[in-house]
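Swiss-Prot annotations:
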COILED    27-71  coiled coil
COILED    110-199  coiled coil
COILED    249-397  coiled coil
COMPBIAS  56-68  compositional bias 'Basic and acidic residues'
COMPBIAS  69-84  compositional bias 'Polar residues'
COMPBIAS  282-296  compositional bias 'Polar residues'
REGION    56-112  region 'Disordered'
REGION    277-296  region 'Disordered'
Amino acid sequence: MGTPGSGRKRTQIKDRFSAEDEALSHIAREAEARLAAKRAARAEARDIRMRELERQQKELDEKIDKQFTENYSRPSSRNATSGIPGTFTPLSGSSSRRGSGDANSSLDPDASLSELRESLAEVEEKYKKAMVSNAQLDNEKSNLVYQVDTLKDVVEEMEEQMAEYHRENEEKSKELERQKHNCSILQHKLDELKEGIQQRDEFIEKHGLVIIPDGTPNGDINHEPVVGAITVVSQEAAHVLESAGEGPLDVRLRKLAEEKEELVAQIRKLKLQLDDERQRSAKNNSTTTDSTGLENGSDLQLIEMQRDANRQISEYKFKISKAEQDMTTLEQNVMRLEGQVVRYKSAAENAEKVEDELKAEKRRLQRELRTALDKMEEMEMTNNHLVKRLEKMKANRTALLSQQ
């Protein structure tokens, strides 16, 4: 998890999250600017409405005042016309009664005018309060509508993101299941190979074989050692190889081959010496038959010489027979060792191939495991980021609801 690939992925995720946060903050700033502009427009419209209402109220007041002044001026004009001498003389009683009624009416309009003005003031106050409350309700309604639209957009965006994250989660889950299935298959293969190696070791132990490491192939001392290069031989062959000295298997076999050549050369030399001695003995026999008339002293010397020659010949024959036996045993051992070396080299090559395949499978499994862990970490970071964003949006929503 501390790989450079995982670090690059985490930085990419952080950059993507920071870009999303910047985009969201930019959208929020634009929404706040639009809301402020709408509020300013509503305030301006409210001021214009209030000025218009005041103007209408002034016009209404002027109209009512004018109407009341006209109503107040009419009884006085009537009284003036009735007070003209000689106009309606026959109806003096009725005119007197009318004068008293006009006096009462002249007092009643003042009271009715004050009552009307008070009622008008109350109506105006109620009207103003109703207009203000209506404007406030209109503003609150527009704010709530805007908030509802914003929340709807946010909810739709969140639903789309959640659907996308659900799809990604399903894909990642399927990929994880596939990886687990592949891991189980590879684990089964690994168990089978381990069982095969165990059977091989049991076979080697059962037949009394010995594993000889072959660290430097082809007898190259300066060559780097090959990991896992081994050779399996019998115990007798192992003793023979130990007698050849230390070193790689090729070097030991080369030493045995050189010793074999030396022994063959010694045997040839001994055969030549034996032929020479046989020729000498034949010559001595011929000389002994020719010199039968020699003296007894010379005969004794010849007999001694012949005995020595026969003894040497017998010794050489024994050495030659022993060397031939050693040569045959060495040849048999070399042939057997060569066959075993061929077999064990093939077995070692197969084991190396199996081991290389196992190492490759192990490396591939480790890479897949690291990839799966990186993906899981990325998904956890994405999930945590989404949870934080969802909590933030819930907090904003509760704050908006509390402000309402």
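Glycine residues also receive a Cβ, built from the backbone N, Cα and C atoms like all the rest.
Summarising model confidence by region, the coiled coil (27-71) averages a pLDDT of 78.
Beyond its flanks by at least six residues, the coiled coil (27-71) meets 109, 113, 116, 120, 124, 127-128, 131, 135, 138-139, 142-143, 146, 150 of its own chain at Cβ-Cβ distances under 8 Å. DSSP places the residues of the compositional bias 'Basic and acidic residues' (56-68) in helix, strand and coil in these numbers: 13 helix, 0 strand, 0 coil.
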